[in-house]
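Swiss-Prot annotations:
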type	residues	note
BINDING	38, 63, 64	Zn(2+) 1 binding site
ACT_SITE	40	active site, charge relay system
ACT_SITE	43	active site, charge relay system
BINDING	93, 96, 99, 107	Zn(2+) 2 binding site
BINDING	175, 195, 200, 262, 263, 264, 286, 287	NAD(+) binding site
């Protein structure tokens, strides 16, 4: 099979031939149709400090994918050959306190598909049965391939009630855009998104936000005034990882406001804890997806008409992976998809 491999501890990836995988007793083999390029994949490609201390080589990378089950292990009980599936990229231990309590997204022993174990940027991928979501209704393969980051967006957007609320989203990358789609679809009153990239802000306008703000030019307080708001945002979603974004978010929250924080800062930073206390704010960290409640929510949202198509802006055959990665890294895009069905 063809696979995109980090062959050595150095920058770059190689599209190479590997033996087709075989399933263990509890595993399934998926013929991969589409994959999505994630920021994690860009880190592994460039071989930055994080990748060098985290990722073993050689390794098939990639964790966002969709495809068809083509083989199952002897102990598999639910997935069947022919099922169309997406993959959950977090591999959990199944034996810790949280796993045994059904809180698998809180497993302290989580490992990453395409980070610690061979991933899905290949014509075939193998993973545990418990890590696949079977699509019972039709889902576009491109959309099915990004259920992993879509799940991050849904987990973030729905962790607090948004019906009738004024919502602020800091960061208009693919996850921020999908979070905006979800918040709007779920009944938020105003949805405001911020970024410093006009290209991404234009994508946000296409998905239907009420206001897209370039914070290099305009403050969030000015956005409040433009929408006729006077008491601050009820719910915020920080997905940029920028310290300044969280600081300005706190300044613009309503008393009793709630902040879902998915963005990962590159280093420690200070915030105004006095404002958090005096405003009685709730700040909640978000990591991955709730397995598999978030996946159920994703499917229901799509079945009820949520449209993610504007978020997917570029598609490449896997043979043009270098161009695809360059496009994703440049940032003038939404989600970038690799097609593994073309030779």
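In case you wondered, yes, glycine gets a Cβ from its N, Cα and C as well.
Features as recorded by Swiss-Prot, highlighted on the structure.
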{"residue": "38", "record": "Zn(2+) 1 binding site", "DSSP (3 states)": "coil"}
{"residue": "107", "record": "Zn(2+) 2 binding site", "DSSP (3 states)": "coil"}
{"residue": "175", "record": "NAD(+) binding site", "DSSP (3 states)": "helix"}
{"residue": "195", "record": "NAD(+) binding site", "DSSP (3 states)": "strand"}
{"residue": "200", "record": "NAD(+) binding site", "DSSP (3 states)": "helix"}
{"residue": "262", "record": "NAD(+) binding site", "DSSP (3 states)": "coil"}
{"residue": "286", "record": "NAD(+) binding site", "DSSP (3 states)": "coil"}
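For residue 64 (Zn(2+) 1 binding site), the nearest neighbour among the listed recorded positions (40, 175, 200, 263, 286), judged by C-alpha distance, is 40. Between the C-alpha atoms of residue 175 (NAD(+) binding site) and residue 38 (Zn(2+) 1 binding site), the distance comes to 10 Å. For the pair formed by residue 195 (NAD(+) binding site) and residue 38 (Zn(2+) 1 binding site), distance between Cα atoms is given as 19 Å, rounded to the nearest Å. Sequence-ordered, the extra residues of this chain that approach the Zn(2+) 1 site, with Cβ no more than 8 Å from the Cβ center of 38, 63, 64, are 35, 36, 37, 40, 41, 62, 65, 89, 114, 119, 120, 148, 149.
Shown are the binding-site residues 38, 93, 96, 175, 264; of these, the residue with the fewest other Cβ atoms within 10 Å is 264. Residues listed for NAD(+), 175, 195, 200, 262, 263, 264, 286, 287, cover a largest CA to CA span of 23 Å. Its Cβ taken as reference, residue 40 (active site, charge relay system) is surrounded by 21 other Cβ atoms within 10 Å in the chains shown.
Under the three-state DSSP scheme, residue 64 (Zn(2+) 1 binding site) falls in the strand class. Here the Cβ of residue 195 (NAD(+) binding site) has 26 other Cβ atoms within 10 Å, regardless of which shown protein chain they belong to.
With a 10 A radius on its CB, residue 263 (NAD(+) binding site) counts 20 other CB atoms from all the protein chains. The DSSP secondary structure for residue 93 (Zn(2+) 2 binding site) is coil. Ranking the recorded positions 43, 200 by other CB atoms within 10 A of the CB puts 43 at the bottom. Each residue in 92, 94, 95, 97, 98, 100, 104, 108, 109, 110 lies on the same chain as 93, 96, 99, 107 and has a C-beta within 8 Å of the C-beta centroid of that Zn(2+) 2 site, without being one of the site residues.
Sequence-distant neighbours of residue 99 (Zn(2+) 2 binding site): residues of the same chain at least 6 apart with a C-beta under 8 Å from its C-beta are 92, 93, 107. Comparing C-alpha positions, residue 264 (NAD(+) binding site) sits nearest to 40 among the recorded positions 38, 40, 96.
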